[in-house]
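Per TrEMBL, these features apply:
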TRANSMEM  7-30  transmembrane segment
TRANSMEM  52-73  transmembrane segment
TRANSMEM  85-107  transmembrane segment
TRANSMEM  119-144  transmembrane segment
TRANSMEM  153-171  transmembrane segment
TRANSMEM  191-209  transmembrane segment
Amino acid sequence: MIMNNRILSIMILIAIVGDFAVPYILAPFYKGYSHTRSVMSSLGNPSSPVRMLYNIWLVVLGVLLLVSCKLIYIRFLSVSKGLSIALIVLVAAFAIGAGVISGLFSVNERKDVVTIASQIHGIGASVGFILLLFAPLLLAILFFKENHRFEGAFSLVCFAAAFVFFGLFIMAEKQPFQNTIIALEGLWQRLTLLFMYLPFSGVAISELLQIK
């Protein structure tokens, strides 16, 4: 069990770090790609020279998060079985929608070009993002039920920040906000992910530190 928890904790951290590191490693090979203006999934569009590598990563990301659900469930089962199940459902939905499905069905380079694959990608990624958005809130509730006030407050702050940045991410596509800082959808997407992921990275690191 100890070894399993160690492996699962490492898998969560690999997934989180990798979701930011992989785009930065691949981006230099895609001329014109902007980390602040381009969404991460555009690295996997049919015109991208790194599409295969990035789409493979998305599938790997999904698998890592799906397997890691076991650690999250075990960690909070004694606190609340219902909330633990709800939490892993949110994580699993993101893993499948924004990970596996998005990796198998790529988005197009231009948003006005719509295909069946891009529609499936859009639905999967959107549902995954929206559901994971509420994961830090559930984590906050679970931590407060354990009387872990710092972790609970931290998760609550992460939820609020992720919610704000997700709102900016949605607004970035709107015509009135073009040529303004709000149009930096790549930046808002990354910040949304960062604050959705941070509480989980804390759980993984905490588990690793407790394992002798």
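Here, residue 1 is simply the first one shown, and the rest follow in order.
Every residue gets a Cβ built from N, Cα and C, even glycine.
Taking residue pairs at least 6 apart in sequence, the transmembrane segment (52-73) and the transmembrane segment (119-144) share fewer than three C-beta contacts under 8 angstroms. Sequence-distant contacts of the transmembrane segment (191-209) (same chain, at least 6 residues past either end, Cβ-Cβ under 8 Å): 5-6, 8-10, 12-13, 16, 19-20, 71-72, 75, 91, 129, 132-133, 135-136, 139-140, 151, 154-155, 158-159, 161-162, 165-166, 169.
Counting Cβ pairs under 8 Å to the transmembrane segment (7-30), the stretch among 52-73, 85-107, 153-171 with the most such contacts is 52-73.
Non-local neighbours of the transmembrane segment (52-73) in the same chain are 4-5, 8-9, 11-12, 14-15, 18-19, 22-23, 26, 41, 43-44, 84-85, 87-88, 91-92, 94-96, 98-104, 106, 200, 203-204, 207; each lies 6+ residues outside the stretch with a CB under 8 Å from one of its CB atoms.
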